[in-house]
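So the structure is just underneath, and the comments pick up after that.
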Amino acid sequence: MVSGGLMLSAFAPNVQFLIFSYGIVVGLGCGLVYAATVTITCQYFDKRRGLALGIVTTGTSIGGFLYATAQNEFIVLFGLDGCLLLIGCFALNIIACAGLMRPLHPPAYYLKQRKALSEKAEGKVLEKTPVAEDHVEKDPSVTIALVTEERKYTKSPLVRFIKSKQKRYSEYLRSAGELLQNRVFSAMCVSLFACCLGTYPPLLFLEDLAQTEGLIDGISTIPLVSIVSIAAGVGKLLLGVVMDIRWMNSIFLYAFTLLGTGVALILIPFTKNYAGLQVISAMLGFFSGNWSVIPYMTTKVVGMDRLTEAYGILMFFGGLSIMLGPPIAGWIYDWMHSYDLAFFCSGGFVLLGGAALFISALSCWNKKQNECETTEKENTTECDSVATVA
């Protein structure tokens, strides 16, 4: 989906087509790739899960920094269409990387096939025993009655399909409702929504703010967005290492990064030189490395069994706020003709999210049998299953 959407965007006749090909197709593909990669990483690693998540999520920052530089060169050499085609080709490497990600639990159909092959190889295939003839079925009246009952019981494939999907969706909604009843998890959803709503719009307007205020002439050699990407990579790696410390509480660590982000955003309007904006960009980038903390924190709150479902709910809140944030910030600028109020509002949102999560998680501190963290067992024996499937 990522590769196809990028290549399809090269032939876009208008912006509406780009909204579909680039916004929906590529965006949905990236969301699926990210969620699946993070979930698989949490399943594979236990003792060094924080470091593993830090390394995995750092790749997004490195890729963002490299692509930001390479795309400008591609556009100059090959034009926008050629640039999209090249990036679409590069995205095909996702398939090669995903091919190495094997499930810890082999699929049921694979186990059945393997068992059948082993029995056949050993010559232990059992012959079917002859079934005794049923004289009842010879009675025409009984046969007609059985056929009638079978027709009543058997429904059309469409009805069965709709009912099965309806049952699955209802079970999923019920399970999601149970997760949202968890006070800490609900606070995580609110804090992530507030964080994405307040953090991402300023990153889009930082360079424009510097040029509007006359802090820089033209385009900087190292743009502020590149500084944010580099600092984000460092933050993801270091925060991942910190999470592996035995006494470290991942919930408080995430709340601390939100509070730091909020303070940095509020300081932007008071910064009157480009060097100060560079320092604040580095702070914002480092604290935005808390994306490596989110899956680790989610496993502690809901457990490994419900990680996929819970992480999907969190990404829904994050994606919704990322979609709403830039239009709101742009509307504030059009209304006030100044970025100051937009940055104050953004910082306020993030501070509120961090404070809400911090307060909701206070009851989890110093509890032996805590209500907010679900301990999971180390599944080292499942490595044999992975090797077998591979």
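Glycine too: its Cβ is placed from the backbone N, Cα and C atoms.
Small disclaimer: the values here were computed from a predicted structure and weren't measured.
Taken from TrEMBL, the feature transmembrane segment applies to 15-38, 50-68, 74-101, 184-206, 218-239, 251-270, 276-298, 310-333, 339-359.
Between the transmembrane segment (50-68) and the stretches 15-38, 74-101, 251-270, 276-298, the greatest number of Cβ pairs separated by less than 8 Å involves 276-298. Sequence-remote contacts of a segment are chain residues at least 6 beyond its ends whose Cβ falls under 8 Å from one of its Cβ atoms, and for the transmembrane segment (15-38) they are 1-2, 4-6, 8-9, 53, 56-57, 60, 94, 98, 101, 295, 308, 311-312, 315, 319. Counting Cβ pairs under 8 Å that are 6 or more residues apart, the transmembrane segment (218-239) and the transmembrane segment (310-333) reach fewer than 3 and are not in contact. Taking every recorded stretch in 74-101, 184-206, 251-270, 339-359 and counting its Cβ pairs under 8 Å to the transmembrane segment (310-333), the highest total belongs to 184-206. Residues of the same chain lying 6 or more positions beyond the ends of the transmembrane segment (276-298) and with a Cβ under 8 Å from any Cβ of it are 38-39, 41-42, 49-50, 53-54, 56-58, 60-61, 188, 192, 195, 199, 202-203, 206, 209-210, 215, 224-225, 227-240, 243, 250-251, 253-254, 257-258, 260-261, 264-265, 267-268, 307, 310-311, 314. Distant neighbours of the transmembrane segment (339-359): 184, 187-188, 190-195, 197-199, 201-202, 205, 208-209, 212, 251-252, 254-259, 261-266, 268-269, 325, 329, 332-333; these residues of the same chain sit at least 6 beyond its ends, with a Cβ under 8 Å from one of its Cβ atoms. Sequence-distant contacts of the transmembrane segment (251-270) (same chain, six or more residues past either end, CB-CB distance under 8 Å): 184, 191, 194-195, 198-199, 202, 206, 209, 239, 242-243, 277, 280, 283-284, 287-290, 293-294, 297, 300-301, 339-340, 343-344, 346-351, 353-355, 357-358, 361, 364-365, 372.
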